[in-house]
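Presented below is the structure to which this report refers.
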Amino acid sequence: MRNLRDVDSTAIAKNIILFIGDGMGLTTVTTARILRGQQKGNSGEEYELAFDKFQHVALAKTYNTDSQVGDSGACATALLCGVKGRFETVGLDDKGVYNRCESSFESKVFCLADWAQTDGKSTGLVTTTRVTHATPAAMYAHSANRYWESDDKLTKDVPNDFRSKGECKDIARQLIEDSPGKNFNVILGGGRRHFLPRRELDTKNPENAGRREDGRNLIEEWQRDKKSRGLSYKYVSRKRELDKVDPMKVDYLLGLFSAGHMAYESDRDKGVEGEPSIAQMTRRAIEVLRKNPRGYLLMVEGGRIDHSHHFNNAHRALVDTLAFEDAVIAALEMTRSDDTLMVVTSDHSHVFAFGGYPKRGNPIFGVDDKPSDVDNMPYTTLLYANGPGYNHNFPTGRENLTSMNTEDKNFIQQSAVPRRWDSHGGEDVPVYAHGPMAHLFRGVFEQTYVPHALAFASCIGPQRDDCERRRQSYHRQLIECPSPHIVEEHAYSAANLETSRWYIVITYCLSLLLMKYKRT
């Protein structure tokens with residue numbers, strides 16, 4: 001019935017919020033949905049997450065130009081810049097080569113944040129990882145190695161002549177010194193150590209010294225930059241400090257709440273001296289950004305879903321997924337569906353499986369009703385194809401789970417193949433869309449399509465002219481659809497800008513025709 005009531009909106013999206021659940025494949029969504037339902041006292045399978053209710057759903061292909069299974073850096077580049085790149089590079093097209101700094105000189109690409117700032121929109125990012133980590137880095141950085149988060153890593157890999165000329169900057173420096181990063185209105189997450197000099201202790205955690213070899217304190221430099229430009233700003237490092245921020249008096253907010261990644265939601269210190277939740281950070285970010293009458297772009301990453309999966313720890317992965325959903329709920333409560341386009345997706349999946357034949361309502365972290373018909377031992381319905389959960393002791397076989405509490409947050413799921421941590425999954429990831437022009441997100445498309453569709457919906461960046469022209473033609477009731485041979489020519493790929501633009505135009509045109517027929 002919900003689909004019968006839905007009407008596609010062709011309004012311009014004043015605001016864009018892109019939610020990225022790092023490593024949140026379909027299996028993660030399904031099992032997190034069941035967990036949420038069971039937490040509410042139901043069997044779980046019938047429950048709907050907030051983004052399950054979005055009007056439009058699609059699938060995105062996540063491969064990189066040189067890898068069948070995608071890496072977070074290159075996948076984030078596709079999601080945020082509209083260009084596929086090489087494995088473990090950030091903000092570069094296919095000419096950028098891993099670990100070769102000089103290859104980045106001619107391969108840098110403009111991204112969503114650049115487009116939004118050019119249009120006068122406010123911009124921001126929220127993440128539970130280090131703000132210099134792969135996914136958030138793709139918002140603002142251009143690096144031949146996603147791990148060059150501070151100069152201590154860069155020094156080991158890059159010749160001094162490139163570094164001395166300032167041609168190769170670490171990711172933290174790019175955030176503080178270069179556009180678009182230095183113009184972000186909101187930066188909230190972890191990773192203080194990459195902004196502090198090695199000799200300087202982290203005041204919150206003295207055991208966590210800075211990592212920078214150049215002796216620079218980039219947090220202080222960020223503050224000096226804002227002060228010199230006469231801007232209102234605030235730096236915070238604790239939940240209580242974030243709580244006290246008056247968004248009406250602060251236009252630039254930097255929050256670094258941990259030396260490294262922020263804590264898993266299962267382990268987070270929820271006290272005033274601890275870390276804010278991803279939902280709390282999202283709320284504060286929107287409060288700061290929404291003051292701009294031209295609108296805003298916000299990227300929110302639930303980054304530790306991915307890390308839990310890497311360690312075959314399904315419990316923390318699903319709890320972090322639900323915390324991520326809380327952030328989506330917070331955004332829905334604070335925005336209007338007629339001017340804010342909200343998209344929820346993932347950069348890639350994991351080799352995370354949900355199976356067996358459990359009865360309805362079986363605890364999602366529990367075991368199947370019947371033991372294996374081969375070794376007669378119990379097995380959890382959540383498993384991994386590879387990772388540290390492998391424990392096969394010949395000749396006795398795998399570990400017997402009979403006396404183990406598989407619902408403990410520290411329980412490590414069993415895996416089929418031993419690895420130090422699990423690999424990413426190569427299957428398509430879901431894309432959920434809600435708000436103006438959400439109908440652009442349907443079908444199966446390249447990951448690169450996402451930012452171009454967002455830009456088209458908001459009339460920014462390379463989609464600005466097409467957007468305005470199509471809207472004008474709609475208001476004149478003169479809709480010119482591409483001919484069938486053009487549709488066929490461009491229907492199967494969106495790996496470059498021109499093809500992405502055609503896909504968007506075709507989708508938009510068809511949606512307008514459908515709306516026209518509905519009226520008649």
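In case you wondered, yes, glycine gets a Cβ from its N, Cα and C as well.
The candidate list H261, H392, H424 contains one residue that TrEMBL assigns to the Zn(2+) site with D22, D306, H310, D347, H348, namely H424. All protein chains considered, the CB of H133 (Mg(2+) binding site) has 30 other CB atoms within 10 Å. Classification of H424 (Zn(2+) binding site) by DSSP places it within a strand. Counting every protein chain shown, the Cβ of S72 (active site, phosphoserine intermediate) has 25 other Cβ atoms within 10 Å. In the three-state DSSP assignment, the secondary structure recorded for H133 (Mg(2+) binding site) is coil. Every protein chain considered, the tally of other Cβ atoms within 10 Å of the Cβ of D306 (Zn(2+) binding site) stands at 28. A gap of 8 Å separates the Cα atoms of D22 (Zn(2+) binding site) and S72 (active site, phosphoserine intermediate). A Cα-Cα distance of 9 Å separates S72 (active site, phosphoserine intermediate) from H133 (Mg(2+) binding site).
Long-range Cβ proximity for D347 (Zn(2+) binding site), meaning a same-chain Cβ under 8 A and a gap of 6 or more residues, is found for I20, D22, G23, T62, G70, S72, C75, A76, L79, T135, V429, Q447.
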